[in-house]
Amino acid sequence: MIAPDSQRLFGSFDEQFKDLKLDSVDTENNNTHGVSTILDSSPASVNNNTNGAVAASVNTVPGSTFRSNTPLLGGRHPLSRTSSLIDSIGIQRAASPFSSMKEPFIPQSSGVMSSSFWHGDHPESRVSTPVQQHPLLQRNESSSSFSYAANLGVNLSTHSLAVDITPLSTPTAAQSHVNLFPSSDIPPNMSMNGMSQLPAPVSVESSWRYIDTQGQIHGPFTTQMMSQWYIGGYFASTLQISRLGSTPETLGINDIFITLGELMTKLEKYDTDPFTTFDKLHVQTTSSDSINLNLAPYASGVAATGTIKATENDIFKPLTHDNIWDMDGGTTSKGVDIKLASATTISQTDESHKQEYKSTTMLEKGKKEKSESVAKALLDEQEKRNRELKRKEEARLSKKQKQKEDDLLKKQKEQKEQKEKEALEAEKQKKSEKTKKDTQTQTEGFKTSKDLPSLNSSSANPAPWASKVKVNNAIETSIKNGVSSTGKKKGEPLGLQQRNSKEEKQKEELKSVLNWANKSSLPSNQTIDIKSQFQKSPKGMKESSPLKELEDPNFIEEQKKLWEKVQSSSKQVKSTSSASTTTSSWTTVTSKGKAPIGTVVSPYSKTNTSLNSSLTAKTSTTSTTTTFASMNNVSPRQEFIKWCKSQMKLNSGITNNNVLELLLSLPTGPESKELIQETIYANSDVMDGRRFATEFIKRRVACEKQGDDPLSWNEALALSGNDDDGWEFQVVSKKKGRKH
């Protein structure tokens with residue numbers, strides 16, 4: 001069926017198109033202010049019609065006409081059919097703003113214009129307008145009218161246009177303006193209401209690691225590889241896996257090794273691939289976050305409402321079917337105002353977003369304040385605990401310091417009390433000793449005054465010159481000290497220090513007495529009247545032997561026997577006087593000869609060693625010469641001292657007794673060898689100190705092992721005398737012929 005008025009339709013379309021071209025040129029020359037049109041650049045927005053549209057294209061070749069027939073029609077008018085309701089059943093009238101727009105399928109052939117026509121810049125079709133245009137909702141590509149129009153093509157060789165002259169429905173104003181704007185002016189990121197399109201979900205592929213049965217870590221591997229191995233049955237539910245924390249995830253398994261069964265439990269998926277399922281959950285989380293981020297810039301409702309109102313004012317007035325196609329009698333057109341969204345709805349949405357944003361901000365602020373308050377409370381509690389610990393520590397230290405001070409004071413107090421007690425005891429002891437000493441001296445003096453005649457009953461015949469001899473004062477002092485020391489030994493003992501000092505003093509006095517006796521010995525028949533001496537010195541009467549010793553009959557008998565021995569030994573002095581010329585005061589010394597030391601026998605027996613030395617001093621002073629002459633035995637210590645003096649060749653001005661006294665004070669062990677050696681080298685230039693020290697220690701040890709010597713070292717040294725003057729040194733020259 002041929003549609004009526006087809007020639008008129010083409011003629012009217014040509015005229016209308018020329019008018020539109022002129023209008024567009026005039027508009028470009030006016031340069032009116034307006035907002036540039038922002039449309040979607042996809043070619044699908046150019047050719048889709050809601051109720052069916054005429055697919056028409058303008059041939060840019062000169063000389064083309066709309067009234068020429070195509071070669072395919074053979075000079076006939078193109079067939080057309082009336083629209084039917086079936087064509088529009090199941091067709092989506094408007095495309096979803098959330099679905100991606102696709103370009104229409106246009107068959108490419110040598111007889112059909114290329115797709116560059118759809119995207120080309122046609123000056124005659126560009127219309128500059130200050131009015132901002134809204135993008136149209138896209139139509140589903142399954143429309144029958146779109147398919148029918150798309151199947152029509154333009155034969156470029158004949159410059160003819162195939163047009164569906166029977167539209168399915170009356171075109172709208174928006175459909176009439178689709179081909180007037182090229183797709184190059186439409187930005188690709190615009191969507192309706194001036195808001196940017198939502199980004200497509202970004203697919204994230206995770207990286208995984210796993211630990212094998214030997215404990216070695218392998219990876220990282222992608223989700224695809226892990227899924228293939230899982231599907232192949234290589235992974236057990238006990239396999240330990242870990243996801244690399246390159247991107248955030250919702251399950252909290254980044255960089256943590258968990259078993260595959262635990263991952264499936266967290267995902268609550270037991271019959272699917274856990275790796276792919278995890279990535280899907282992760283992508284959904286990322287997409288929801290991107291939606292929230294895209295809505296955030298439009299939280300202000302004032303700006304969005306102003307933009308929508310400006311768009312409503314600047315939109316083109318819709319063009320009707322009559323003023324485009326200039327058709328007589330037919331269908332009437334209705335003006336359609338395109339409003340993509342209601343301002344009220346948008347403002348309400350913006351307000352809701354604003355309220356949500358405010359509520360979120362308040363919630364975050366409340367959480368922040370609460371966390372700060374909790375942190376502050378924790379800090380205060382920690383500081384309080386630290387202060388309490390510090391206070392306890394200081395209290396403990398102060399208590400410990402106080403206890404130390406108390407202990408120190410207590411100790412000092414005890415020491416002070418102990419010293420005071422010791423001082424009181426010492427003072428009491430001194431007082432008691434003094435009183436006892438006074439009483440003893442009084443009683444001893446009284447008893448000795450009665451017993452003195454008995455001591456002088458058996459005196460020897462005095463010499464003619466006995467009355468002229470004056471006794472040295474040292475004899476009297478030695479007798480007094482001997483008597484007093486005897487009384488003290490029988491009484492309470494003195495301190496160790498006092499006893500030692502008195503013994504040393506007594507030995508020195510005895511030494512002086514013995515030396516005097518050796519060098520100035522009296523004749524054999526000379527005696528000393530002890531009675532007259534005691535009468536001259538009344539003090540000696542008080543200091544006599546103790547009462548018990550004088551009353552003892554055995555003591556008196558022993559003294560008598562000793563006195564008889566002294567008298568009997570005086571007869572032998574005549575025979576030995578020639579041998580002891582150096583000790584007699586009547587001989588003349590003609591040369592420095594070595595003086596022989598007379599044999600000295602102790603007047604004490606072994607049973608009488610406990611007696612006081614003062615009594616011996618008495619007997620020895622009464623007859624000193626006869627006593628020494630009567631001694632037949634020689635003490636081992638005297639022999640040792642004699643050997644020492646024979647070996648010692650000291651420097652001038654140094655006496656043998658002083659050096660021997662020092663050497664005898666040292667111990668007998670080998671530790672004294674070096675000291676003896678150094679002493680000899682210091683006091684002699686010719687002696688071999690090393691050899692002398694060795695022989696000295698050897699002989700001394702042998703002497704002390706005998707144990708039957710009644711004399712001590714000091715007594716033996718005192719009896720040996722000081723015969724340093726008898727030494728005579730002679731320098732011996734080296735003999736000729738001797739090498740050594």
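Cβ coordinates come from backbone N, Cα and C, glycine included.
According to Swiss-Prot, the listed position annotated as phosphothreonine out of Thr60, Thr311, Thr655, Thr694 is Thr311. From the options 523-548, 601-626, the stretch Swiss-Prot describes as region 'Disordered' is 523-548. Looking at Ser12, Ser116, Ser720, Swiss-Prot tags one of them with phosphoserine, and that residue is Ser12. Residues belonging to the domain 'GYF' (205-261) score a mean pLDDT of 88 in the model.
With DSSP states grouped into helix (H, G, I), strand (E, B) and coil, the domain 'GYF' (205-261) comes out at 11 helix, 18 strand, 28 coil. In the compositional bias 'Basic and acidic residues' (364-439), the DSSP tally of helix, strand and coil residues is 76 helix, 0 strand, 0 coil.
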